[in-house]
Amino acid sequence: MELHGEEQPPPPQEPWGRLLRLGAEEDEPQILLWKREWTIGRRRGCDLSFPSNKLVSGDHCKLTVDEISGEVTLEDTSTNGTVINKLQVVKKQTYPLQSGDIIYLVYRKNEPEHNVAYLYESLSGKQSLTQDSLEANKENMFHVTKDCSGPGQGDDPQVPLLSPMAQTCLEEPQPSTSTSDLLPTASTSSTEPELTSAGQKHSSSSGPGNTSISPKGRSSLVANGELSSLSPVFQDKEASFSLLESKDHEELEPAKKKMKGDGELDTNLQLLVSGQRGNAQTSSEDVKDASVKPDKMEETLTCIICQDLLHDCVSLQPCMHTFCAACYSGWMERSSLCPTCRCPVERICKNHILNNLVEAYLIQHPDKSRSEEDVRSMDARNKITQDMLQPKVRRSFSDEEGSSEDLLELSDVDSESSDISQPYIVCRQCPEYRRQAVQSLPCPVPESELGATLALGGEAPSTSASLPTAAPDYMCPLQGSHAICTCCFQPMPDRRAEREQDPRVAPQQCAVCLQPFCHLYWGCTRTGCFGCLAPFCELNLGDKCLDGVLNNNNYESDILKNYLATRGLTWKSVLTESLLALQRGVFMLSDYRITGNTVLCYCCGLRSFRELTYQYRQNIPASELPVTVTSRPDCYWGRNCRTQVKAHHAMKFNHICEQTRFKN
């Protein structure tokens, strides 16, 4: 933290306010506000600078005082907003500050150690602060909050009396000024004296251990910048206020104050120690029970941007982090990355499960619901449209690398509407399909050309090397069974059961994954398809099948490609030689059923080709490889190394070997 405003001597006018850092040491100096505008941020030119804290924006906020009325406002200029009293999130807006407000530049509910908070006090009251009252306030703010767990300490806490001026200030409603983050110890207690109009108080003795002035008690001492003289008073009376103990070392929630009809401040709290309630007198509007244990469900359902329960939440893909739709709408205008992990966002989707959980949670905890005004504001700030939630989805034919990975854009909405409009599937060999096609043709054409024309359906011709010229002479029965090609998503007659009886029927599925493909039946028409189904020995894997072919190790794969290029060999040569070695029993595949004649799809064929290529590279004599390749030591983890995808590690060690360390 740097104070650039103090580098120059301040003007002769009196300071109009000051900032006290929460959790500060006793001797840490206060920050006096004497300029009309006081800027706070990470930028070094700010009056209060945090150059090393990346959670603070460059220009986070600024405090401005009206010289005529004395009103102080906070204007937020940050990215994530400024939190006031843990209740009000100010984002790109101005907020009227009152004495006793706590300004959170960084507020992490689940990581309080990262919080950066300051207590604002006004010094523009009728009576200025004396040095004695200042020291007394610092004593209350910092000293008594420390853990007094030593024996004999804290038996008789000193509770200060308030002057009539300070009590008059307390009669006006003030924002919550909880400073529970000031309690650094694992076991603390929060106490609050009950004040009367005559300035009377009750003291408490919590035994030899934890004693501290309550957060609200401390904030009341600095309301409107006026402090009363402190006088220690000891009483033998039993405690009339409660202690809040937390075994989980979680943050304590401040108890709510209520005003009586005659102006007295009713701060009756309920005793929660050992399940007993205090004997304090309560009115008809009793304060609700404070939770002893933290609500894990609430923490799970909290948006990290607004630090409140999720509202109309959306999830980002692929990272699946969830935020309020309104909160993320403001974020996505500035960045296309996830606010949590900075992963590029590919898609936005509604998270119906979390929305239902939030709704069920609010039924059990209606007090934690957002206000109607807040809900209307969030709905108005929601810029996520239905088009963003249902974009064109890029569906890939395979998860493997290769030239057949050209993508096809399909819409979820289109597929749903087509299912509704068609009572059953009609393929090119259905009688209904042929009848419609003949009616749409201007002149008769041969049936073979008709089948080829309709097969294209307006798409570019298939790049398959073995595209059948005509569909088999077959007609589907009425409402017959159909299979959808995994490559082109077009229907075809499901004749797989018939093939078991008649081998002349063309194969329609992969022998390994059992997924249906139409290439061998009548030729796949998808653009870029090199033959999605074929016998292993005839499978067209494409020229890019050698990229990362050796366990995604690009360095080892480049060594193999250079070896083949110098000898005029291609991937087809590798496949042919490997299948011969497989037939002789020299090479092995993890799936023993696969031979050169096994009908495979592109994915399964590429996977088996990679297994054979590794064994092909393993059997290359060292004398035929460069010295820079053979001189590398073997990696301990061999072919199973997970770091071999990194270029530096792959160049340094040989990974065409078996694992020798930590092998079970």
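Placement of Cβ uses the backbone N, Cα and C atoms for every residue, glycine included.
Assigned with DSSP, the residues of the domain 'FHA' (38-89) fall into helix, strand and coil as follows: 0 helix, 21 strand, 31 coil. The domain 'FHA' feature in Swiss-Prot is assigned to 38-89.
Summarising the annotation, Swiss-Prot assigns compositional bias 'Polar residues' to 174-202.
According to Swiss-Prot, the feature compositional bias 'Low complexity' maps to 203-215.
According to Swiss-Prot, the compositional bias 'Basic and acidic residues' annotation covers 245-263.
Among the features that Swiss-Prot reports, zinc finger is placed at 303-342 (among others). For the zinc finger (303-342), same-chain residues at least 6 beyond its ends with a Cβ under 8 Å from one of its own Cβ atoms are 79-81, 83, 89, 91, 107, 109, 348-351, 354-355, 358, 361-362, 368, 370, 375, 377-379, 381-384, 389.
As annotated by Swiss-Prot, phosphothreonine applies to Thr385. There are 10 other Cβ atoms within 10 Å of the Cβ belonging to Thr385 (phosphothreonine).
Per Swiss-Prot, compositional bias 'Acidic residues' is recorded for 399-413.
According to Swiss-Prot, the feature zinc finger maps to 633-655 (among others). Long-range Cβ contacts of the zinc finger (633-655) within its own chain (Cβ-Cβ under 8 Å, at least 6 residues beyond either end) map to 550-556, 614, 661-662.
Helix, strand and coil content of the zinc finger (303-342), in residues and according to DSSP, is 8 helix, 10 strand, 22 coil. Note on the zinc finger (303-342): its mean pLDDT in the predicted model is 89.
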